[in-house]
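Scroll down for the structure; my scribbles are underneath it.
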Amino acid sequence: MAAGFVDDEGRRRSGGRRVTAFVALSCATAAMGGAIYGYDISIAGGVSSMEPFLRDFFPDVLRRMADSGGGARRVSNYCKFDSQLLTLFTSSLYISGLLTAVLLASWVTASRGRRASMILGGFAYIAGAAVSGAAVNVSMAILGRALLGVGLGFTTQSVPLYMAEMAPARYRGAFSNGIQFSLCLGALAATTVNFAVEKIRGGWGWRLSLALAGVPAVFLTVGAVFLPETPNSLIQQGKDRDTVKALLQRIRGVDAVVDDELDEIVAANAAAAAAQGENGLWLILSRRRYRPQLAMAVLIPAFTQLTGINAIGFYLPVLLRTVGMGESAALLTTVILVVVSSASTLASMFLVDRFGRRALLLAGGAQMLVSEALIGGVMAAKLGDDGAPSKACATLLVVLIGVYSTGFGWSWGPLSWLVPSEVLPLEVRSAGQSVAVATCFALTVLVAQCFLAALCRMKAWIFFFFAGWIAAMTAFVYFFLPETKGIPIEQVGSVWEEHWFWRRIVGTDEIHASSKLSK
C-alpha cells in the first residue's frame, strides 16, 4: 500500500520537534476526558451486577437471577439480565452524547475552540455525577446518565482534536493513544471502586460508584480553564499570526523554528476560507475530495463498536456472573482484566510511531478474531441454558477475554481515536470529528441496547457475529487504510493521492487543485 509520505526534508522540519513539558502537561490535562469516558463505560456494568442497585431500580432482573437457580420458572443462563430498562440505563449516556455531538459540540469546537468545548463537557459531567449518585428512582438514574452523555458529547468531539493538533508530528500517535490509555485508567478506577463499594453494608455503595465520576470531571474542568487553545483553532478563529506564532514557539520550545508549521496551518485555514463559508458538515458529506476522510470518520468508529468491545466493557461483570461467578469474584476478575488491557494500551503508545498504524491494526485484528471465535466456541460447547460451567471452563473464558482485550488495547482501541482525527483537513476537521463521534455513539447505543437481548436469543453465537465483523474490518485496513505515521497533520491529505483505490475516488487533478488553493 503506497502511503504518500512527504519528503524527508519536509518531515524533519515539521515533524522533528521535541516534546516540551508545556505540551505534555496540556495533553495530560485534556486526556482526563478519556478517563471520564472509561469510568462511565465500566461503572455501569459493575453497578448493574450489584444486588442492592438491582433491588432498588431493576427488581425484575433480581427475580430472574433467583429463578435461574431452579424451580418452575427457571430462566436460561443467557437471559438473566435481559431487561430493556436496564440497557436503557446504560445506553442513555450515548443517546444524549450522540445528540450533543451532532447538534451542539461540533459548532462549539469549531467556532469557540477545543478548550471551550472541554470546559462545557466538564460542567455537564459534574452535574451528571451528582444526579446519578443522588438518584431515588430509575428516571433520575437515567437522567444522571444522560447528563454525563452531554459531557461525553463535548469531550469526545474536542479532546482527540486537541491532542492531534498539539502533539509534534513524529509523536502524534503516542499522544493520541494517550486518550485510550487514560480511558483504561478510568475503567480501572471504576472497576476498583465497584469491587470496594460492593462490600459496604447498607447497600448504598452503588451511589458512591456513580458519584465519583465527578472527581476526574473536576480535574478536567479546572485544568481546561488554564489550557492554551491549539494554534490550529486560533488561526481558524482569525487570531493574529504573531500571537499564534508565540504560542507555537512555546509549545514546540522557545528555540524551535516554527515558521514552516505555522505556514501549513495558515494555508490549511486559507483552504477552509476558500470554501466561502460553507458548512463543514455539508462539505465533508457533499464534496468528492473528502470521500476518503468521510469513509474513515464513519467506518473506523463503526468497526470499533462492532468488535463487541463495549458490550464486554459494559457488561463484563454481568457476563462473568452469567458463566457462574459470584458478585465479588466477577468484580475482582474485571479489575484484573482491565489492568491487563491498560498495560497493552500503554505499550501501543511506544509502538504506534515506530511500526505505524496499519501494522498495529492488522496484528491486533488477527488477535481479536481468534480469541473472539474461541470465546464463542467454548461458551457454545460448555455453557447451556441450565447449570454452571466448570471452574476450568470459566478460567479459560477469563483468559480468552484477557487475550481479546489485550489485542483491542494495543490496536483498535487507541487507533480509533487517532486515525479519524489525524486524516481530517482543517476545513472539515470539527465537522468530520462530529461524524466520527456520532457514528461511535449510534453504534454504541445499538450494541448496548441489543447485547443482553441478543445474548439471550443468540446465546454463544453472538460472539461469532462479532468475530465476523472483526474479519471484515481487518480486511478493510489491509486494502483501504494508507499509512500516516510521521506525516505533519496538515500534510496528511497527500496520502490519498498515492493510494491505489482512493486516488480513483478523489481524482489526482482535484488533489492538486486543492493543494494549490492552500498555498
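Including glycine, each Cβ sits where the backbone N, Cα and C put it.
Curation plays no part in TrEMBL annotations; they are all automatic predictions.
According to TrEMBL, the features are:
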- 26-485: domain 'Major facilitator superfamily (MFS) profile' (DOMAIN)
- 19-39: transmembrane segment (TRANSMEM)
- 85-105: transmembrane segment (TRANSMEM)
- 117-136: transmembrane segment (TRANSMEM)
- 174-196: transmembrane segment (TRANSMEM)
- 208-227: transmembrane segment (TRANSMEM)
- 294-316: transmembrane segment (TRANSMEM)
- 328-352: transmembrane segment (TRANSMEM)
- 359-380: transmembrane segment (TRANSMEM)
- 392-413: transmembrane segment (TRANSMEM)
- 434-455: transmembrane segment (TRANSMEM)
- 461-481: transmembrane segment (TRANSMEM)
Close approaches to the transmembrane segment (85-105) from elsewhere in its chain (Cβ under 8 angstroms; 6 or more beyond its ends): 40, 44-45, 48, 57-58, 61, 117, 121, 138, 141-142, 145-150, 152-154, 156-158, 314, 434, 437-438, 441-442, 444-445, 448-453
Any contact, the transmembrane segment (392-413) to the transmembrane segment (174-196), with at least 3 Cβ pairs under 8 A: yes
Touch test for the transmembrane segment (19-39) and the transmembrane segment (174-196), at least 3 Cβ pairs under 8 Å: yes
Distal contacts, the transmembrane segment (359-380) - CB-CB under 8 A, six or more residues away: 307-308, 323, 348, 351-352, 393, 396-397, 400-401, 403-404, 406-408, 410-412, 415, 459-464, 466-467, 470-471, 473-474, 477-478, 481
Result, the transmembrane segment (328-352) in contact with the transmembrane segment (208-227) (3+ CB pairs under 8 Å): no
Intrachain neighbours beyond the transmembrane segment (328-352), with Cβ under 8 angstroms and 6 or more residues off its ends: 42, 45-46, 49, 173-174, 177-178, 180-181, 183-185, 187-188, 191-192, 194-195, 198-199, 316-318, 320-321, 360, 398, 401-402, 405-411, 413-415, 418, 485
Averaged pLDDT, computed only over the residues in the domain 'Major facilitator superfamily (MFS) profile' (26-485): 84
Beyond the flanks of the transmembrane segment (174-196) by 6 or more, those residues with Cβ under 8 Å of it: 27-28, 31-43, 46-47, 50, 159-160, 163-164, 166-167, 205, 208-209, 212, 216, 313, 317, 328, 331-332, 334-335, 338-339, 341-342, 345-346, 348-350, 352-353, 409, 413-418, 421-422
